[in-house]
Amino acid sequence: MKIKAPRGTMDILPEQAKKWQYIEKQFKSICQRYNYKEIRTPLFEHTELFQRSVGDTTDIVQKEMYEFKDRGGRSITLRPEGTAPVARAYVENKLYGDPKQPHKLFYFMQMFRYERPQQGRMRQLNQFGVEVLGSKDPAIDAEVIDLAMTCYKELGLTSLKLVINSLGDEESRAQYRKALVEHFTPHKEELCKDCQTRLEQNPLRVLDCKTDSEHPAMKKAPSILDYLNEESRSYFDKVKSYLTTIGVDYEVDPNLVRGLDYYNHTAFEIMSEAEGFGAITTLAGGGRYNGLVEELGGPSTPGIGFGMGIERLLLALEAENISLPLTNQLDYYMVTMGERADVESFRIIHYLRKHGIQVDKDYQGRKPKAQFKAANRLNVRYVLVLGDEELDKEIINLKDMETGEQEEIPLTNLVQTLTLKEV
RNA sequence: GCGGUCGUGGCGAAGUGGUUAACGCACCGGAUUGUGGCUCCGGCAGGCGUGGGUUCAAAUCCCACCGGUCGCCCCA
């Protein structure tokens, strides 16, 4: 084969697509229960949107964006994440003026990140996500987290870990940032190269460095939790208390920083603890972003959301050995014998389909024997047998593939009989 | 972006320098002129990821590239 799918992309074939459909259906039903409405934004945006919101120092912007110039010379980027585009749409369409607040939104969208692919990390990836704009009620934080957990739980996943943290408000964060720089600067030379850069550009991210995690300075690093001001601390406490109220277990990890610039207050991640899941365990991540809408030119509007990788979700299901209840097999298969019957069968199945009956036939010119084999392969319970004999008698033979029994159905009663069978 | 590892018919998998590249599954046909799932028999299908090189001779050795996979960075 000459032309292959570009690196980091994949085809989703019918067998697999059934799972995607099922997951989407379940998640949409959950969203309906929680009263979240679907939003769809463009596949690509002006590069500037991500630079300004996600942040120039983040990995996403520095090395992962699918960025190109269009024919008009504009810098365009295939969206690497969903929050910024949704916030942009909120501002652009003036949804802040809509009396229905907050706006509770969900999406199923493709994202693109230029990374070295491996299992669970594609260049084109699919995310289900949720964004709530216009509420700073800690109960909404808990609702969003609960929604994500519910999605996983209703599919049957159990080996989950919810990790939460608070990054505090701007003031808390600035204080903490200062403390971190003061703490790490004396050890700067001992830290890894990445951390030295991070210390200057984005000190919070020094904390989630894996290389230096054993360094004594890392262990003695100040905790964000000690730098939360009164308001931030109280907010975080309320979020935790709401989670407890509805029985959502969590673990507080003061080192959970989240990479993107727009986050503040609540940050969370959901991981799989299933065995054999490999190095990548994050299934979903999100947080609050109270300054983002304003940053994008809208009125000061609080927001919170998460993104959930569907590819990783499928891996988690596999790791936990969960098979989704997929049930779309064929109801009827038509077997024909002879040319007369073959032509007539085409007319009949068209008629049956028109009446809502799910039926297929052979298109390979196979012998009857092979047609029955095909029916077996398709896992069909009933086969409609049509040959010269049946045509002459104006009936069709309905064969039950499980019992092997066959009964004659008058053609005039066909639809009625088959419809009843399905019940 | 860095490091390890792998790449043989549709799938799985032998072969590690030398006659026309095992085998299993799947598929097609026959035994059974119009009836399947079992059995038996037969058949279809690959020149070994791509491109160079070494050699009398390469799927087998070397190089580059592409792709998968694992790990790192980071995240979904």
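In case you wondered, yes, glycine gets a Cβ from its N, Cα and C as well.
Nobody curates TrEMBL annotations by hand; they come from automatic prediction.
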Need a hand: TrEMBL gives A:Glu81, A:Gly82, A:Thr83, A:Gln127, A:Glu131, A:Arg258, A:Tyr262, A:Tyr263 for L-histidine, which of A:Arg71, A:Arg113, A:Arg116, A:Arg233 is also on that list?
A:Arg113
For the domain 'Aminoacyl-transfer RNA synthetases class-II family profile' (A:1-325), the mean pLDDT of the predicted model:
91
Residues satisfying Cβ distance under 8 Å from A:Glu81 (L-histidine binding site), sequence separation of at least 6:
A:Phe50, A:Val54, A:Ile60, A:Met111, A:Gln127, A:Leu260, A:Gly307
For A:Thr83 (L-histidine binding site), what is the tally of other C-beta atoms lying within 10 angstroms of its C-beta?
26
Count the Cβ atoms, other than its own, that fall within 10 Å of the Cβ of A:Tyr263 (L-histidine binding site), considering every protein chain shown.
25
